[in-house]
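Below is one structure, written out as structure tokens; comments come after it.
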Amino acid sequence: MKQNGAKPTWSYLNSVYFVLQLVTTIGYGNITPTTSRGQIFTIAYAFAGIPLTICALKSIGQLVNVILRTVTRPFHRRLHTVHCDEGSCDFVESGNLCINVVCCMLTWIIVSATSACLEPERNLISIIYSVFVTYSTVGFGDIIPFENHKYVFMISVLPGLSFMSSSIDSAVAYMEKSNMASTRCFDLANCLSTKREARITADGAQQVTQNNNEPPYEMELVSNDCRKDQTN
């Protein structure tokens with residue numbers, strides 16, 4: 001293993017740091033295997049570790065969503081039940097849940113950025129950028145947070161990834177609800193338009209029928225004159 005192009009180093013701390021980068025797919029590239037056996041082991045470990053880590057992060061994110069939904073549901077019901085139906089309330093609730101999770105994510109980024117101020121040579125914007133790139137698993141590697149404080153990275157990376165997973169999960173649920181609501185409105189508009197056209201057609205047909213059943217005015221006058229002649 002090599003670290004930042006330096007001579008090969010290996011320790012328990014670096015091994016855990018490397019494994020976390022591997023299974024979370026962050027992969028800064030500052031610690032990499034150099035031997036063939038190490039590279040083969042990395043491939044095998046990634047095949048097993050990445051799916052398990054993704055499942056774990058997804059489960060934690062869903063748990064965060066359930067907790068937030070349980071906490072905020074009474075307030076949403078109290079605010080929206082009077083003037084919206086069940087579907088609309090669920091839609092509003094999903095939107096509020098998305099906002100709540102994003103706020104939690106931003107709060108966690110700020111907390112992590114504050115912790116990253118242990119490296120005073122970096123400005124706050126660079127620290128927030130590096131933390132966000134880490135939690136989104138982009139991992140450019142240009143700025144590595146907590147590079148000199150690996151224990152802080154190990155403690156903060158899993159909760160941060162869980163919050164990110166929760167944010168993505170709630171955003172997807174919100175977009176799905178939004179799509180369903182727009183589809184429902186579109187179908188309702190088409191239904192109303194079809195009913196309106198059918199009503200206009202029915203009214204027109206009824207008017208034509210009434211006109212066909214009524215005798216013309218001239219024929220009615222002739223009929224009346226004939227009746228008078230017969231009477232005389």
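Positions of Cβ are set from backbone N, Cα and C atoms, glycine also.
TrEMBL annotations:
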type: DOMAIN; residues: 9-64; note: domain 'Potassium channel'
type: DOMAIN; residues: 106-176; note: domain 'Potassium channel'
type: TRANSMEM; residues: 12-31; note: transmembrane segment
type: TRANSMEM; residues: 43-68; note: transmembrane segment
type: TRANSMEM; residues: 124-144; note: transmembrane segment
type: TRANSMEM; residues: 151-175; note: transmembrane segment
Cβ pairs under 8 Å with the transmembrane segment (12-31): which stretch of 43-68, 124-144, 151-175 has the most?
124-144
Give me the mean pLDDT over the domain 'Potassium channel' (9-64), rounded to a whole number.
89
Per DSSP, what is the residue count of the domain 'Potassium channel' (106-176) in each of helix, strand and coil?
50 helix, 0 strand, 21 coil
